[in-house]
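Peer 1: Copied straight from Swiss-Prot:
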COMPBIAS  862-876  compositional bias 'Acidic residues'
CROSSLNK  LYS397  SUMO2 cross-link
CROSSLNK  LYS1127  SUMO2 cross-link
CROSSLNK  LYS1127  SUMO1 cross-link
MOD_RES   SER374  phosphoserine
MOD_RES   SER383  phosphoserine
MOD_RES   SER387  phosphoserine
MOD_RES   LYS671  N6-acetyllysine
MOD_RES   THR824  phosphothreonine
MOD_RES   THR826  phosphothreonine
MOD_RES   SER917  phosphoserine
MOD_RES   SER919  phosphoserine
MOD_RES   SER932  phosphoserine
MOD_RES   LYS962  N6-acetyllysine
MOD_RES   SER1041  phosphoserine
MOD_RES   SER1090  phosphoserine
REGION    848-897  region 'Disordered'
REGION    916-1017  region 'Disordered'
REGION    1068-1113  region 'Disordered'
REPEAT    92-131  repeat 'WD 3'
REPEAT    228-267  repeat 'WD 6'
Amino acid sequence: MPATRKPMRYGHTEGHTEVCFDDSGSFIVTCGSDGDVRIWEDLDDDDPKFINVGEKAYSCALKSGKLVTAVSNNTIQVHTFPEGVPDGILTRFTTNANHVVFNGDGTKIAAGSSDFLVKIVDVMDSSQQKTFRGHDAPVLSLSFDPKDIFLASASCDGSVRVWQISDQTCAISWPLLQKCNDVINAKSICRLAWQPKSGKLLAIPVEKSVKLYRRESWSHQFDLSDNFISQTLNIVTWSPCGQYLAAGSINGLIIVWNVETKDCMERVKHEKGYAICGLAWHPTCGRISYTDAEGNLGLLENVCDPSGKTSSSKVSSRVEKDYNDLFDGDDMSNAGDFLNDNAVEIPSFSKGIINDDEDDEDLMMASGRPRQRSHILEDDENSVDISMLKTGSSLLKEEEEDGQEGSIHNLPLVTSQRPFYDGPMPTPRQKPFQSGSTPLHLTHRFMVWNSIGIIRCYNDEQDNAIDVEFHDTSIHHATHLSNTLNYTIADLSHEAILLACESTDELASKLHCLHFSSWDSSKEWIIDLPQNEDIEAICLGQGWAAAATSALLLRLFTIGGVQKEVFSLAGPVVSMAGHGEQLFIVYHRGTGFDGDQCLGVQLLELGKKKKQILHGDPLPLTRKSYLAWIGFSAEGTPCYVDSEGIVRMLNRGLGNTWTPICNTREHCKGKSDHYWVVGIHENPQQLRCIPCKGSRFPPTLPRPAVAILSFKLPYCQIATEKGQMEEQFWRSVIFHNHLDYLAKNGYEYEESTKNQATKEQQELLMKMLALSCKLEREFRCVELADLMTQNAVNLAIKYASRSRKLILAQKLSELAVEKAAELTATQVEEEEEEEDFRKKLNAGYSNTATEWSQPRFRNQVEEDAEDSGEADDEEKPEIHKPGQNSFSKSTNSSDVSAKSGAVTFSSQGRVNPFKVSASSKEPAMSMNSARSTNILDNMGKSSKKSTALSRTTNNEKSPIIKPLIPKPKPKQASAASYFQKRNSQTNKTEEVKEENLKNVLSETPAICPPQNTENQRPKTGFQMWLEENRSNILSDNPDFSDEADIIKEGMIRFRVLSTEERKVWANKAKGETASEGTEAKKRKRVVDESDETENQEEKAKENLNLSKKQKPLDFSTNQKLSAFAFKQE
């Protein structure tokens, strides 16, 4: 039977760790760099006894009830065993002692230290000491001859010496090791060992083999090696019977040889490849306890029988099968269980010549095709090396029959056999876990700790219960539940408590929800899963619950217990988290190699419009790490933490990528310290976690205290002022992306928070620009200005001008113009997208009034109604062009005059995007925002309804079109009733409109309403220049069809003009505006009121009959009409 490896468990903090058995084999004793000696009853002992012997313990030895330790205060101490009572100090050194061993009867100890000395001390009388001098470097290891005649020692000076104890002389010295100046720099600690009982052989690990020397003659007998050994051997130890020798390497390989036959009996690989630094053979049975350089403790069982025979008469494990077993999902997933402590049997490599019939069966693939033997073995199984037959024929023995078919013969392993390819090795899959929980094997554990509360589980002899505690007791009071169904998974939200248990032979896996926020009397529900399907992960959201099962299914439920969607996962689930409408799933998307996990992530939104944000993208992890925590920030951004302490957050502003925002290991004082994350906040920026000294998770008692860590992005040169400001700027950007997400999805947030963040970011950019300007990095200044808002760019231009950086100021001015043009182009595109969207909604339903049909017309009607209500006590009907499409490109919000029906040019209300204004509060105003602002300024007593509707036209605040249903008001409803679209109008309606029109026109002879005239701005010099040169631009560029192209070309030509020419055009614009105003005033005085009324009646009738055919007037006409109306006010 091959050796069985049990999963390793945490023993001590990271560093050199040693292990030994007591005389009876009842206890395993370990010591480590944490200064503790732990006494384990077995590997499953969850509460080992410990003795603190000092700050660090470098070595320990146990014999006859005496525990001897070499500690960091340069002493060799004695404690009673197992009581752990101090029993004095045996000896002292000037530096640390590196190794201590007992002799055969336990009366003496030998210790070697870094001061080059070796001492033998009598345990009962510490004054009886012998000192051995001769090494020229620190002593690595020691070993007593079983007959107490010789003492062997290895040193950093590269030599292995054998001392005559009686006269303290060196009997022999071999230069076998690499030289070094300290133990920490030694490639191997070279733990050598004498053969028990007879002391016939001395085993020394040298490089990749074990050298054996004969006693007294000191001749080299032979080497023990294996083709699987790829790294230096660190330690050797003999079985109590003296027939087997075990060795451990610095890459985690443990090999056992039969010394007599030189056969390799067992090969076992450390599950994580850590260096083996402690090996101890059980005194009575075939068990080997081992420790690694990370402080972990492991155990091999059924290694070899102490009587000299293997524990199984036949070698049933074959190398081909072992290689296939590496990819066995069930066994390997248990082998790398980070959170569960169940024993896993992993067969080791055992040598043997394979029977032909059995070999054919084992070489069959899952698909039914035979595996090519050439991929596994170099030679046929029937071919045997001649040299092997000559040297091993005397060792060929036929084994006893044990009921199995065929006979298998053991032959010595020869170097001519080609080794199997050992890499890359697949990484054991991480088992499912619940974020905020501690391991299942603990009797008192946290089932979950999150921002809502804590769920503890107690499973001991007295009680099996679950306690629920809320951080805010106003949500719910603390609850105590009996755990009769053995619930192992839990989650907690402000609405419910969710529990799940695995299936048993009698009961199915269950999902239990305690819906304490329900308004009815039924506060809980339970759902049984189908047979052979277990719940592996659960989570709660707002109004829903989710459970991932072993059948690779994810089941969704309402919080009240209604089953909803069920869909398949692409791999076994690792963990889940929920927040609001978001569901965050991490699963295995493949097999990882060389210690890396291969995980995928899905992010779904389960609102009314269900959609998937992340479609199984790979989840980035630190090398050789695993997932430790997933969840959401308090603001709803997905985050996760790996076992190396790296916290990553979803960066929605960079294509949903993952950005590392904190390294918790930087805040740890010791190498074995960790932080256990319980929550993340973006505003304020806080990482809430629990410090764990010497562990990865906290105990339940005493109640752990939560610490707050700050975030820091891993930017370069963080010690410099430039690096600090860059890190602060991008951290501010990342941690305020959630505001855009909230606005996009219709959630409420404080506008002041966003304004404060923008202000903070612009201040950092200005500081970086000033720093770059001082360092003569003008190109870098322009790059920084590209990240600024329009106002900040204006400040940057002023700063550059005052700093006499004229070229920089010119570049920044060009950048400001480009940013304004880009902003205008973006707004035009958004308007076109909005029009296309609404056209699609109205496609095929041109005569059907919808909520999207004419929102701009609604706004106009409501504004006119408000104005008319303020001007007159009576409501008066107004004229609008029937059947006009508000969303066509030829018209917009300002193209139809509400009172007169006159048409104005569509760009009259738009701010010049190419004019840089330092006094403006916003970088640039879109047409809609400018229009809304002016309307709000005019409406002194504006209602909530009109305000809400005007806000919908602001593209900056509402990037996504969403219908707003206004509350009905009698006044506005009556005013709007005059403007409903009708396909057929009666003569009576026309007559009523004509009469009302006469009354309106007689009282108000204006051409345009006040709210539209206030949007008119004086012409600029560039506009007048563009009017006169438009024909030249079109003749030079006949392919120009878009007004934006004409304006851009005009800007380029206008910049070429000299300063004097530009001033001439500017003065011309001012003069024309003034003259137009004067002319309007004169016309108002001259025109006779009666004649004007008749003319207006005729024009109104024409407009009513020809409203659909009328085209917009040219630019100059609209300008004059607007100015005329403005002056009439």
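Keep in mind that glycine also has a Cβ here, set from the backbone N, Cα and C atoms.
Where in this structure would I find these features, and how exposed are they?
Peer 2: Around LYS671 (N6-acetyllysine), the C-beta neighbours below 8 angstroms that are at least 6 residues distant in the chain are THR13, GLU14, GLY15.
A sphere of 10 angstroms centred on the C-beta of THR824 (phosphothreonine) encloses 20 other C-beta atoms.
The DSSP secondary structure for THR826 (phosphothreonine) is helix.
Packing around SER1041 (phosphoserine) is summarised by its Cβ count: 9 other Cβ atoms lie within 10 angstroms of its Cβ, all protein chains included.
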Peer 1: Whole-number answer please: how many Å between the C-alpha atoms of THR824 (phosphothreonine) and SER1041 (phosphoserine)?
Peer 2: 17
Peer 1: Once the chains shown are all counted, how many other Cβ atoms turn up within 10 Å of the Cβ of THR826 (phosphothreonine)?
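Peer 2: The Cβ of THR826 (phosphothreonine) has 13 Cβ neighbours within 10 Å.
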Peer 1: Over the repeat 'WD 6' (228-267), what is the model's average pLDDT?
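Peer 2: Across the residues of the repeat 'WD 6' (228-267) the model's pLDDT averages 92 on the 0 to 100 scale.
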Peer 1: Counting by DSSP secondary structure, give me helix, strand and coil numbers for the repeat 'WD 6' (228-267).
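Peer 2: Computed counts for the repeat 'WD 6' (228-267) are 0 helix, 23 strand, 17 coil.
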Peer 1: Could you state the CA-to-CA distance between THR826 (phosphothreonine) and SER1041 (phosphoserine) to the nearest Å?
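Peer 2: Given the Cα positions, THR826 (phosphothreonine) is 18 Å from SER1041 (phosphoserine).
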Peer 1: Under the DSSP assignment, what numbers of helix, strand and coil residues are found in the repeat 'WD 3' (92-131)?
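Peer 2: The counts are 0 helix, 21 strand, 19 coil.
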